[in-house]
Amino acid sequence: MSFTPEEKEKPGIGEDVEHFEHAIPVAGPSGHHGHHKHVVTVDERLANALAVDRPNPWGKGYLRLYLASFIVFFCSTMTGYDGALLSSINALPNYTSYYGLPASGNTSTGIVFAIFNVGSMAGSFMMFLADWLGRKNAMAIGCLGVVVGTCITATAKTLPVFIGGRFLLSFMGTIASTAAPCYMIEISPSLYSGTVSGLYNTLFYFGSILASTCVYGAHLHMGDSTNTDWRLPLWLQMACPCIVLTFIWFCPESPRWLVGVGRDAEARAMLVKYHANGDEHHPLVDLTMNEMREAVAREGELNWAKFFDWRPLFNTPGRRYRMMVGIAFAWFGQFSGQNIAVYYLPKLLQNIGVTDTTKQLEYNIVYNVLGYAVSTVGARFHDILGRRTMFLISCTGMIISLSIVAGTAADFLNTGSQSASKACIAFAYGLGCSYAWAFTSMHPIYPGEVMSNDMRAKGMCLCGIVAGAGSFVSVFAAPTAMNNIQYWFYAFFAFWDVFEWLFVYFFFVETKGRTLEELEEIFNSPNPARASVNFVRIEVGEGEKEKEKA
């Protein structure tokens, strides 16, 4: 196929792809053209392997992989549960009075919320456990710690003990919720990596729904005369970690970790069973094994002691670019304005005239259900539209939504207009849905995708610290800012998201349709963002497979 001069000026189109400007037919078993074709875009080497035989995504091995993934998904519920839990119980008068917190929110309120982010930053340094003991064991240790932290918070009689329990809960939960996306990235088949690994963080909203509905039900049926309506949801915070603790032992270990510690035979057996549906001779198995071995030969075997040497994260231009993209996305994922709705939706509602506690809890439930639905659909589109396009769509939606939230909140403050209040609520939901569409599914995944195998654990540790810092700043500042500058707080994030949009467009790398190892040459190119959108397009139909450069 050919390109116009104008097309060659676009990111990813130009001299880098001119040698692919031709169609390469691949004969199917019957030698004739099919009628119903599915088009996917992938790296050329992966295309060659898939041209021989594309594994059935509903085969026995893939179904087992999906089941194992579903177990790991429950690690993602912990952060979502905590955010909705604190947002919901913060609207309960008996909770705030028990710990002496003012209903309007103050610095102590911010600390109760933000200590979770402090624990998250500290827990990120424990990612060496994932390189030392394996991804599965790290998840199990983290989930066990969450159970202990839950027992402390659910029985805390004083605010300092409650805050301390939340720190421990977050610290241990971070070990699990950082090892889990590493695991998902490394076990996901390349053709469906965005969908399989992307679905991981959509259970953030499952945790949010679970927490908000628990608080709502307890508040309705247990009343304000006892503390059960907020103590019970605190106890239930251990439910999902217990599921992981019970079933994680039946899941396969990451093949990339296995190769990294010299257990190649186990890694190959995992790929045969789960990626090739039991076909020992499938070229996809040999391709992946060869690439993983080349990566180990280039980067060295995994060793927990290497975790504390962070020089390899920055010692080449390609690695510095990887870290720039990973760190930027980690910050964007927590500092795009969405935390206003995640943690402080009741406060936002109160500022626009919705003061009834039950009504605030109902709005919170609707917000989380919408987020879950949108993020689940969005996870599939990462393998269709690509990461970059999805991020640009999300940023555009957040800019529009935050701008209207700020404008309608100002209108309500000045005029008391109920129409402005309703519009503000609607676009607060729009903010959450815009974020959920692309950022929720990729928040813990994309930074890991852009890292090489030896960088992944410590690179995600650094990204976790940055994400925790971004969330801490936005969450800690929110109560005071929403009281003092009100709608200007929303306007600030609208302007910030314009910067995010520009950064994504000019610097973010497309990772869909490539194995993790194939990204090495992308990041070593003069313009990684441009090089990353060059793909081979495969058209798969009945009796035919064709490929050409997109």
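The backbone N, Cα and C atoms fix where each Cβ goes, and this holds for glycine too.
TrEMBL has this to say about the protein:
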| type | residues | note |
| --- | --- | --- |
| DOMAIN | 68-512 | domain 'Major facilitator superfamily (MFS) profile' |
| TRANSMEM | 65-89 | transmembrane segment |
| TRANSMEM | 109-130 | transmembrane segment |
| TRANSMEM | 137-156 | transmembrane segment |
| TRANSMEM | 203-222 | transmembrane segment |
| TRANSMEM | 234-251 | transmembrane segment |
| TRANSMEM | 321-345 | transmembrane segment |
| TRANSMEM | 389-413 | transmembrane segment |
| TRANSMEM | 419-438 | transmembrane segment |
| TRANSMEM | 459-481 | transmembrane segment |
| TRANSMEM | 487-508 | transmembrane segment |
Closest-packing stretch to the transmembrane segment (203-222), where packing means Cβ pairs under 8 Å, from 65-89, 389-413, 487-508: 65-89
Tertiary contacts of the transmembrane segment (137-156) (same chain, 6+ residues out, Cβ under 8 Å): 72, 75, 78, 123, 127, 129-130, 162, 164-166, 168-177, 179-180, 183, 231, 234-235, 237-238, 241-242, 244-245, 248-249
Interface present between the transmembrane segment (65-89) and the transmembrane segment (234-251) (three or more C-beta pairs under 8 A): yes
Positions on the same chain near the transmembrane segment (389-413), where near means CB under 8 A and six or more residues out: 336-338, 348, 351-353, 378, 381-382, 420-421, 423-424, 427-428, 430-431, 433-435, 437-439, 442, 486-488, 490-491, 493-494, 497-498, 500-501, 504-505, 508
Mean of pLDDT values spanning the domain 'Major facilitator superfamily (MFS) profile' (68-512): 87
